[in-house]
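Here you go, one structure.
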Amino acid sequence: MVLLHKFTMKIRVFLLMLAVFSRGLAQVEENEADQLQVETLAKPETCSVLSTVGDTLRIHYTGRLMDGKVIDSSLSRDPLVVELGKRTVIPGLEQSLIGVCEGQKIKATIPSHLAYGKKGYPPTIPGDAALEFEVEVISVAQQTQWQKIINDVFPLVCLALVPTLLGLVGLYLYKKANAQKPSKKKSKDKKSKKK
């Protein structure tokens, strides 16, 4: 009886460890599916300028569902113009375009939370769909110093102006509310004196 009890305890411990181990493997696979994966398909020999936030890229792309069904492509039209940091494309595609150079070809596997999320984009893209984009970077135009000032400094100046303007409006309203108003009796007295 004691031998049977020890044997069943060992089996229980083994099964528990097996369950923990398999859960860990499943979690690793889940985490890999939740992250953006970018693979370089072709890269020019010389790459002097890497794209950064604020740069303007012209790209050709083909977007697919994970089963291979094409959802969109720019190959039959003009290249798509993307200004990095302006959120003109889905977040996963924008993130995959940071650090690329002119002439580079990449394949980005984009998890659903960096694409169209739980809702998808019916009827073309179902909810919780991961996407795959093949992208060719046609050109990279770096932002000029003036664009950098406008993109970085101008929003901060506007943020500083909002409280200032609200304070001025409040001061005006406060002074207007506390200004002495001539009473009706005094204005009648002035009219009667004029007569």
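Glycine residues also receive a Cβ, built from the backbone N, Cα and C atoms like all the rest.
Sequence annotations record features per position, and here TrEMBL assigns signal peptide to 1-26. What TrEMBL lists as domain 'PPIase FKBP-type' is 54-141. What TrEMBL lists as transmembrane segment is 153-174.
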How many of the residues that make up the domain 'PPIase FKBP-type' (54-141) does DSSP mark as helix, as strand and as coil?
9 helix, 37 strand, 42 coil
Kindly state the mean pLDDT of the domain 'PPIase FKBP-type' (54-141) in the predicted structure.
94
